[in-house]
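What follows is a short report on a single structure.
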């Protein structure tokens, strides 16, 4: 068991907490969205450790319920772009030639676009909301994974084990999936963590702008937007979801970087 | 110079092709919007025969789509970006009105990012592995992860409401007052770029300080500041690659910061127009954005090849 640094341990703890909140929110905070208009917006007090928002909803409960809104969408983006990136990257790196050229030109084009802005424009004009925003982000994130996987495949391509598999006359699909892929999976996973972080930030940004989740959903970005005019009445309604987004994204980035370093160190040890 | 000119020309042609390709996508936004094109262009105006006829005449909706696209592109090239559905004003005028604020905000933000990010990255590299370095790296990761709207609101809570150092909203009058009003928004915008710059600067300088020439210069007894100057000059080359990422990040950040601080710039115009489905304004902004991003990528590529000749020698890719 290798020792891990304090920072990584803290990041993992944050991710576990967010994961638990996301998985069990319906049982932990069954009536997070229950409004109490008579109470309205109040500061921290008995019964409401972080106070209430302008609809009288408990800020702490909204925070926990917000994890359930934030995580699945971002996870879908990371998983979707990982899938596309792996397929395209394997094909480009293994076959080379025009497949490679085409995939790389496509990646160059997509990579130069600001993903969040494209999502704002497309999701906004089409009015497709959350699902469409996720689809747009998958298309724009996949090129990054494609490049990473392609690079890793090129490194493996001429290793003796691949040549041995070729001599055994195995199909390219089998060589790619059964022989090469297990060796590049860690690289791809590290990249997926970074995408996860970026997707979380992008989706909460869209919700903040009113282009993501529907109104009234317990979402961190949405809660921030709804309460930003009430800073004086209860600043915690803004501080808490703001810190939640920053902490979760930072934790994902720290774990992603840590995985990346581990993969690189192992690669050098070979 | 001939080789370099050919390299620059090839890049220019590539960029032009990409912009042309993306302009088709931008034009297509009109057709992507739900409902008929005519309905989109009418907006909330009543669909009387007169207004419909006016729309038909203005946009030539009965022509084939390709012809419509070419007409639109021709108009854009002559500076005619159409009229806003929401306000009925010329789009080019609306953009012109709001451009100065966005330019000031992004310029100020980039300046703050460079002033904070590069020295912090250098500090981290020089104190590599020590507590200072770990602090710098952590701050960089947090900055990189933090969305500008959350940072902006936290800055508002602390520095405007809590300490009362800065105004909460507004753009201010007169230069000094405007700078004062724009400081918190610019800081919120800069945080992500600081994270990127810290990471790139630190990594590049760490790599450079491990080079043989640095070891040799130190062994010869060269003064530390002089050695650092040599290493720094070489390490700023890879930092240039961060410029493209910083610009795209800043463009997206501007939208969020302008909405957060209720500033009337191009970013808040984009959100308003998208929400209202004011497609001509969205198209104009998307096109402007495409041009900006393409120009920056071109400049970074060409600038990189000027600084590092190896890029263009092996520059078939």
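Cβ from N, Cα, C; glycine included.
Cross-referencing B:73-93, B:178-198 with TrEMBL places the feature transmembrane segment at B:178-198. Ranges compared are B:39-70, B:135-166, and TrEMBL records transmembrane segment for B:135-166. The stretches the transmembrane segment (B:281-300) and the transmembrane segment (B:12-33) meet in space: the count of Cβ pairs below 8 angstroms, excluding pairs fewer than 6 apart in sequence, reaches at least three. Scored by C-beta pairs under 8 angstroms, the transmembrane segment (B:101-123) has its highest count with B:236-261, from the stretches B:12-33, B:135-166, B:236-261. When Cβ-Cβ distances below 8 Å are used as the criterion, the transmembrane segment (B:135-166) is approached by residues 120-121, 123-124, 127, 180-181, 183-185, 187-189, 191-192, 194-196, 198-199, 202, 253, 256-257, 259-261 of the same chain, each at least six residues removed from its ends.
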